[in-house]
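Here the structure comes first, spelled out in structure tokens, and everything after it is commentary.
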Amino acid sequence: MLLASTTSAVPRTLSPPTPAGNGSRELLDTRDPLLVQAELALLSTVFVAVALSNGLVLGALARRVRRGRWAPMHVFIGHLCLADLAVALFQVLPQLAWDATDRFRGPDALCRAVKYLQMVGMYASSYMILAMTLDRHRAICRPMLAYRHGGGARWNRPVLVAWAFSLILSLPQLFIFAQRDVGNGSGVLDCWAHFAEPWGLRAYVTWIALMVFVAPALGIAACQVLIFREIHSSLVPGPAERAGGCRGGHRTGSPSEGARVSAAMAKTVRMTLVIVIVYVLCWAPFFLVQLWAAWDPQAPLEGAPFVLLMLLASLNSCTNPWIYAFFSSSVSSELRSLFCWARSRAPPSLGPQEESCATASSFLAKDTSS
């Protein structure tokens, strides 16, 4: 039998336990105070960053909804923000309280619910990005299918599938984790994972890495490559332009149309690189240390870099809203207007503020479709 210690969000929920002492006082006093302070500071920073950034983007989208300017891409950006807010509220915040008290303070039902919701947030954040990329692929490569399936609905099929998979794939957490005695009759309870076989922990960590990181990353990269090839093929005449790409695109027939497609292609290439690179950079360190801890009995579990990297499961939730807001001119213009509205509520200042707000308003008037 294998018991997994669970004193951080997902990392230690899946990692081998540190040796426990015989008494409850010894169990509670084993942590490095400086490392605990670093953990709390890191989790607090991540929580504020995730909540603030996603809240701002949701506020910008809400302004567009009130004005009747809701576009299909905004559906996915909105649900991605909701998924990332779930990460902040159900993963980072409980983990912050958990690290502050060392042991999980709550009944068994709360332990299972927290571990379940922590995993739901991880899955939903990754799968919403994948759903958004799949929808962009369908809209560009097979536009008729996109219209037929109602891509502009606020609850469309990819969004529902992403949430459904997140809820279903997180169910094992309800059965793996429970309030258990952390020592041999010590009387100290913590929210720990239990695996009947020694290989259970390794199998579970590997499965999570594949389903949360590897599979979505490959899907996102593949869709973005196909989107780029479709846009590129529309600029190249000839029967071979669809070979190896996707179907349903259209060819531009005028120089101005070609210029617009060239600009769209350049934007798509930039967005592809940013999405894939940021996604990999945010998730790779976390899952590398997870797999290392699961497969290597000699892993430095108590080292400060190791412990802090294990807390970065939600790092991608900090970057998601800004990536898509940056590449959506309508959302970025709404954010400018939102900032200007907040500044206009402050005491009057110099003229440049008014000029910047007017500029933001002009951006908003020009772009209402993206």
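Numbers run from 1 along the shown chain.
Yeah, the Cβs are placed from backbone N, Cα and C, and that goes for glycine too.
The candidates are N22, N184; Swiss-Prot tags N22 with the feature N-linked glycosylation site. In the structure as shown, the Cβ atom of C340 (S-palmitoyl cysteine) sits within 10 Å of 18 other Cβ atoms.
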